[in-house]
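Participant: Mind having a look at this structure? Questions to follow.
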Amino acid sequence: MLEETDINAYFCLLYLLLYMAKLTEEELLFRKIEEKVKKAIFDYSLIQDGDRILVGLSGGKDSLALVDLLGRRSKIFRPKFGVVVTHIVMSTIPYHSDLDYLKSCADEHGLPFIVHETGFDASTDTRKSPCFLCSWTRRKALFDIAKANGCNKIALGHHQDDILQTLLMNMIHQGAFGTMPPKLKMDKFDMEIIRPLCLVEEKELIRIAEWKGYRKQIKNCPYESGSSRSEMKDVLARLEAINPEARYSIWASMTNIQQDYLPHK
């Protein structure tokens, strides 16, 4: 005879199956992405109760999805945390995002939206590329904004493809086995960097962006050019053509280092 708990579990499962059957393919994919974000949060201890998280909203599909996902999760699920959204305007780069649209993405979830303007002079240090200087200036601005608004964590929109491509770049060009981790403690700034999209594939974000109608901001950066990252994107695609499970094997390898079978000095 079935126990009451078994009956309740049965009807909960039946209700869930009926509910899922009514969802569109895109809605199911969004639920899948939400589950991946949830898994990342708990597997890598990204967010705890009481956290206040700054999200950098550039206007690309990844940051738009990150605001959407964290905005939803902060209102519904534990852990309970706050979110602040910021967009950094680079005065030295001749392109502008639709600030009204970006603000509306934050407003949709009742999140504060901060516009911060900064810039850099590429002529002051010709040893470093404009892309490096721009990235460094943006990152410093994020730390400053986070501190000024009582945030203890900064969430970036790097997805699984970004992390795997960085791993391949470091192995091939730097001779190092390392990448962008899901969580990085920055002791110098008393801040943590988190990447809640670390388990989400780029192709999933592309489909969700199309379905939800994210308006990607047009960037016409004079310093932008082909890079090693685009080459690594092709390398990863070729590896997946050889083995469709390649990305998952590479991801697993980062926590399965077999020291006994590696060279030692």
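Glycine too: its Cβ is placed from the backbone N, Cα and C atoms.
Pulled from TrEMBL, these are the listed features:
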BINDING   G56, L57, S58, D62, I88, G157, D162  ATP binding site
DOMAIN    53-213  domain 'tRNA(Ile)-lysidine/2-thiocytidine synthase N-terminal'
Participant: Please find which two of G56, L57, S58, D62, I88, G157, D162 have the most distant C-alpha atoms, given that the record lists them as binding ATP, and give only that distance in angstrom, rounded to a whole number.
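Facilitator: Spelled out: the longest distance between any two Cα atoms in G56, L57, S58, D62, I88, G157, D162 is 21 Å.
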Participant: Through the lens of DSSP with three states only, how would you label G56 (ATP binding site)?
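Facilitator: Its secondary structure by DSSP: strand.
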Participant: Provide the three-state secondary structure of D162 (ATP binding site) computed with DSSP.
Facilitator: helix
Participant: When neighbour density is defined as the number of other C-beta atoms within 10 angstroms of a residue's C-beta, which of the binding-site residues L57, I88 has the lowest density?
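Facilitator: Selected from the binding-site residues L57, I88 on minimum Cβ neighbours within 10 Å: I88.
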Participant: Does DSSP give D62 (ATP binding site) helix, strand or coil?
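Facilitator: In three-state terms, D62 (ATP binding site) counts as helix.
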Participant: Suppose we draw a 10 Å sphere around the Cβ of G56 (ATP binding site). How many other Cβ atoms does it contain, all chains included?
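Facilitator: 22, counting other Cβ atoms within 10 Å of G56 (ATP binding site).
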